[in-house]
Amino acid sequence: MQNSDSGKKTFLIGITGMIGGGKSTATKILEEMGCFGINADRLAKRYTEPDSPILIELVELLGSEILDEQGKPDRKKISEIVFNNPKKLSRLNQLIHPLVRKDFQKILETTAKGKMVIWEVPLLFETDAYTLCDATVTVDSDPEESILRTISRDKVKKEDVLARIKNQLPLTEKLKRADYILRNRGNIDSLREECKSLYSTLLGKML
């Protein structure tokens, strides 16, 4: 990805995987090695926070039941609705994704300019996000362990996790589409070694 105004090259790496598969951990490790991390979910989160700038649109789309007693959006209620209703999830994505993309582009043009950027995107291949990347990475993890990690981390039921997974491509398909694969089927040290090898490879392509 070329920044035409300065000539400095920003190398954009999209990273994905299944929910609870270790995307964030891998991203953090790569940040420690020198990458600039951008988390798509964190960018999107501000639009479903209590001070959401699109509150009216959210209520029109999902109904007033998403509001708490103070009239603020409840992210848990939003998740329960959209992950069990593919049509509403699609419409929510259509509402939020352009806003997130705009925020993302602003970061690329300012603080991330000229750097190796690791962009954590759960729906990397389900959307056109992968087309913006210089390289794509899928984290390969044990599905059952990933589900258990998500249940523990998010304090949700297994059926809620399975509902989220249903709205994503299968891990096998994400692995097929990726330029690189990070194996996360061991301990943190083995994942760190995988990241170290990947970083070295990608650094060579950036220079």
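Backbone N, Cα and C define each Cβ position, glycine as well.
Copied from Swiss-Prot, the annotated features are:
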BINDING   Gly20, Gly21, Gly22, Lys23, Ser24, Thr25  ATP binding site
DOMAIN    12-207  domain 'DPCK'
(request) Quick one: average pLDDT across the domain 'DPCK' (12-207), no decimals. (result) 95
(message) Given a separation of at least six residues and a C-beta threshold under 8 Å, show me what packs close to Gly20 (ATP binding site) in the same chain.
(response) Ser141, Glu145, Ser146, Ile147, Leu148, Arg149, Thr150, Arg153, Val161
(request) Enter the number of other CB atoms within 10 angstroms of the CB of Gly22 (ATP binding site). (result) 25
(message) Cβ within 8 angstroms of the Cβ centroid of Gly20, Gly21, Gly22, Lys23, Ser24, Thr25: which residues besides those meet this for the ATP site?
(response) Gly17, Ala26, Val139, Ser141, Ser146, Arg149, Asn184
